[in-house]
Amino acid sequence: MQFNSLVLLAGATILSPFVQAQTWTTCNPLNETCPNDPALGTNHTFVFNTSSTVTDYYNITAGSLTYGDDGAEFTIAKQGQSPTIQSKFYIFFGQVSVIMKAATGVGIVSSIVLESDDLDEIDWEFIGGNDTHAETNYFGKGNTTSYDRAIWYPTPSDPTANFHNYTVDWTAERVQWWIDDSLVRTLAYADAVDGKNFPQTPMTVRLGIWSGGDPKGNSQGTIEWAGGETDFTKVPFTMYVKSAAVQDYSTGSEYEWTDKTGDWTSIKVISGNSTVAETITKNETPTLSLGEKWDNLPKTTKLAVYCGGGAAVAALVSAFLFTFLRQRRNGRLEREAYNQLIEKQQQDAYKDQMELHNKGIGGFDNNSYATQGDDALGGWGSNQGTGYVGPSGSASAMASGSPMVQAGQHGPMSPTMVMRNGEMSPHSAEFPQPQQPMFGGSANGGSYMKM
């Protein structure tokens, strides 16, 4: 391993300047005042199985991507293509782990690059014609005065045929490169020209593929470093990326360059929630059903809901009972009022009857009532003073000495019975006759006089 690393390092000493083909910056804080860098401020695993992962968190800076079972596909389909993405966020020290499979093809370079605005850089690079090794490299502030930084390390298996996890773990004290679970390289701060060339400012994450063996865009040295000229009749050449787990070791919303030194101590962390972190939270929060929302509520909240629901039911029951009892009370009051009205009407009728009785009006006779009691009521006295004695009480009948008349001569006539053939009146010794007839009269002229 040491032999291979040293041999490849010797070659890289000459060729490494051309490795920077995909590195660039839009504003260099060492030379001008630049906008603050938007922070990631958290950790997240970006799974490249849909375009939304790229569009939400990355910019496609060259070419285009497709997506399949093996993740995002960075494909060179013809000469001059170099599909590349760059994160919309920065990390200020952190860890980046990419699960990927490098592209095949002589001269084709697959890369994982961390790059800052002042051209601090940490690299993983894979050459399509090399199926045994991967290159590690770094730069500080774009310094290319020496080319002794790249070191190649063997991979557990062919990096163009198998997926591996390639990791960069970066702090203010050192940089580590890992393949799967094996640490292959460590760069200490002091080992980079006492920190002057040590990568130490906020960085974006860049993933891409390009043709170092394209003679139209590269020098002969770059072509040799890439393993030779690319044969574009053998396209497509594809790098596959399943995921990138990124952790920002700083927390904040932005990173501010306070001077032009490029020293990590001059970077100010602006507090707050980053835009990217808020987007992650929004996108990763699942839409829950009502049942799931209920299941996720704390027990105290559920208890409060139960109590509130019970109170609501109790209130409804109370309202129902109140309405029922009030209506029942109203019905009882109405019934009592009706009964009082009927009782009053009866009392008024009785009062009127008694007034008529006292006045002897309407057939009432106080003298008759005194001797006969209630039998004097009910119509008996209604004939008094009228001269009417019924159909059998005509003058001719009285003159002919009919039994009815004869009976009437000895006492009052029965209102229902007519005596015939000498039958006796129902009045007997048990029912004494009145001492004075209720009325008397003569057939002469049909007038009635007392006997």
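Cβ atoms are placed via backbone N, Cα and C, with glycine included.
Taken verbatim from Swiss-Prot:
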{"type": "ACT_SITE", "residues": "Glu125", "note": "active site, proton donor"}
{"type": "BINDING", "residues": "Glu125, Arg206, Trp210, Thr222", "note": "chitin binding site"}
{"type": "DISULFID", "residues": "Cys27-Cys34", "note": "disulfide bond"}
{"type": "CARBOHYD", "residues": "Asn31", "note": "N-linked glycosylation site"}
{"type": "CARBOHYD", "residues": "Asn43", "note": "N-linked glycosylation site"}
{"type": "CARBOHYD", "residues": "Asn49", "note": "N-linked glycosylation site"}
{"type": "CARBOHYD", "residues": "Asn59", "note": "N-linked glycosylation site"}
{"type": "CARBOHYD", "residues": "Asn130", "note": "N-linked glycosylation site"}
{"type": "CARBOHYD", "residues": "Asn143", "note": "N-linked glycosylation site"}
{"type": "CARBOHYD", "residues": "Asn165", "note": "N-linked glycosylation site"}
{"type": "CARBOHYD", "residues": "Asn273", "note": "N-linked glycosylation site"}
{"type": "CARBOHYD", "residues": "Asn366", "note": "N-linked glycosylation site"}
{"type": "SIGNAL", "residues": "1-21", "note": "signal peptide"}
{"type": "TRANSMEM", "residues": "305-325", "note": "transmembrane segment"}
Distance, the residue listed as 'active site, proton donor' to Asn59 (N-linked glycosylation site) (CA atoms, angstrom): 21
Under 8 Å by Cβ from Asn43 (N-linked glycosylation site), counting only residues of that chain that are 6 or more apart: Ala245, Val246, Gln247, Asp248
Site of maximum Cβ density within 10 Å, from glycosylation sites Asn49, Asn130, Asn143, Asn165: Asn130
Residue with minimal Cβ packing [other Cβ atoms within 10 Å] among the recorded positions Asn31, Asn59, Thr222, Asn273: Asn31
Mapped DSSP class for Asn49 (N-linked glycosylation site), helix or strand or coil: coil
DSSP-derived class (H/G/I helix, E/B strand, else coil) of Arg206 (chitin binding site): strand
Spatial neighbours of Cys27 (disulfide bond) that are distant in sequence (at least 6 apart) but have CB under 8 A: Cys34, Pro35, Asp117
Conformational class of Glu125 (active site, proton donor) under the three-state DSSP mapping: strand
Cα-to-Cα gap, Arg206 (chitin binding site) vs Glu125 (active site, proton donor), nearest whole Å: 12
For Glu125 (active site, proton donor), the number of other Cβ atoms found within 10 Å of its own Cβ: 24
Residue pair Asn31 (N-linked glycosylation site), Asn143 (N-linked glycosylation site) - Cα distance, angstrom, rounded: 15
